[in-house]
Amino acid sequence: MELLCSPTSLSSSFALSSALLVPRSFSMPGTRRFMVLCSSQKESQMTVSVTGATGFIGRRLVQRLRADNHAIRVLTRSKSKAEQIFPAKDFPGIVIAEESEWKNCVQGSTAVVNLAGLPISTRWSPEIKKEIKGSRIRVTSKVVDLINNSPAEARPTVLVSATAVGYYGTSETGVFDENSPSGKDYLAEVCREWEGTALKANKDVRVALIRIGVVLGKDGGALAMMIPFFQMFAGGPLGSGQQWFSWIHVDDLVNLIYEALTNPSYKGVINGTAPNPVRLGEMCQQLGSVLSRPSWLPVPDFALKALLGEGATVVLEGQKVLPVRAKELGFEFKYKYVKDALRAIMQ
C-alpha cells in the first residue's frame with residue numbers, strides 16, 4: 001500500500017501491476033478511491049520559502065508548516081543561527097540557505113512568506129531608522145526579483161508579505177480598516193514602501209499583505225519584555241495608558257498566514273489584528289490580573305523618550321485597527337479577547 005503513495009506511484013503503476021500479475025485494467029474495490037486520496041494529499045503539500053524564519057513569528061510558522069508535513073526552505077543571512085534554531089534532528093528535511101543560495105530555494109517553491117526586518121522596539125538613531133526601512137525594502141525587493149526572474153514553471157504562485165498597522169499612523173480617536181488611508185509619520189512611510197515593493201511581484205503571483213499589530217506570545221514580542229516587570233511587582237501602563245493597543249495572539253497570526261498560503265481568496269491587504277483592540281492601560285490591567293500582580297507603576301512619557309528617543313512613538317502612540325477583511329473571509333480567531341489570549345499564554 002505504501003508504494004501507491006510514493007512519488008513514483010503514477011509513473012510505475014504498470015510495473016507494479018505486472019509484478020503482482022494483476023491486469024492493468026483490473027481494479028479492486030476501494031483501490032481507485034485510495035489512490036485518489038493519496039494523490040490529493042500529495043498535491044496539497046507545499047514547499048514554502050520563509051524569510052525572517054528565525055524571528056518570533058517565523059519560528060512559530062515553521063513549526064506549524066512542519067507539523068503539517070510541508071517542505072520548508074529557510075532564507076537567512078545567518079546559517080549558523082538558523083541551524084541552532086532549527087536543528088536537523090527536530091526538523092528533518094528542512095533547507096537552510098544563505099543569501100547566495102536563495103535563488104535555488106525560491107525557484108520551485110509553492111509560496112514565499114516574507115517576514116524579515118529589523119525590530120523597531122529600540123532606540124532610533126538616524127542609522128537605525130535607515131536600517132529599519134532598508135532591511136525591509138532590501139529583503140522584499142530581493143525576494144520579489146527572485147520570484148519574477150524564476151522560470152514560469154518554477155515560479156512561486158503565492159507571496160505572503162508582512163507589513164504593519166503602523167501604515168495607518170496613530171490616533172486615539174480614529175478607527176482603521178484595510179480601506180483607511182495611510183498616515184504621514186515615519187512608520188507609515190516605511191509600511192507604504194514595504195507594501196509597494198511586495199506588490200511589484202509578477203501579475204500571476206497572488207500577493208497577500210498582512211498588516212500586523214502587536215503580537216502576543218510568551219517567547220517574544222512586546223509581552224516577553226513586559227512580563228518580568230509585572231512578576232517583580234513593577235508593572236504598569238506605558239505613558240498615559242490611553243493609547244490604542246491593536247494586538248493579536250501569535251497562534252492566530254500564524255493561522256492567518258497559513259490560511260493566506262492555502263486559500264486563493266486571501267489577497268491584497270488583510271489586517272493581522274484581533275477583533276477587539278483595547279487601550280494599553282486595560283491590557284496592562286488584564287496582564288496583572290492573569291499574573292496575580294498589580295498594574296500600578298506607570299512608566300512616564302519622559303522616561304520612555306529618554307530610553308528610546310523617537311522610538312518611544314511605538315509604545316506611546318497607537319491606533320485602533322479592525323480585521324474587517326479577515327472577518328469577511330470567514331477567518332476564525334481563536335483569541336478574540338485579550339484576557340483569553342493572556343490566560344492561554346501564561347498557562
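From the backbone N, Cα and C atoms, a Cβ is placed for every residue, glycine too.
Residues or ranges marked as transit peptide by Swiss-Prot on the basis of sequence analysis: 1-37.
Under the heading NADP(+) binding site, Swiss-Prot lists Thr54, Gly55, Phe56, Ile57, Thr76, Arg77, Leu115, Ala116, Gly117, Leu118, Pro119, Arg136. For Leu115 (NADP(+) binding site), the number of other Cβ atoms no farther than 10 Å from its own Cβ, over all displayed protein chains, is 22.
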Same-chain residues at least 6 apart in sequence whose Cβ lies under 8 Å from Phe56 (NADP(+) binding site): Val215, Gly217, Asp219, Gly220, Gly221, Val250
Chain-internal residues, separated by at least six, CB under 8 A from Thr76 (NADP(+) binding site): Thr51, Ala53, Thr54, Ala82, Ile96, Ala97, Glu98, Glu99
Binding-site residues compared (Gly117, Pro119) - the one with the fewest other Cβ atoms within 10 Å: Pro119
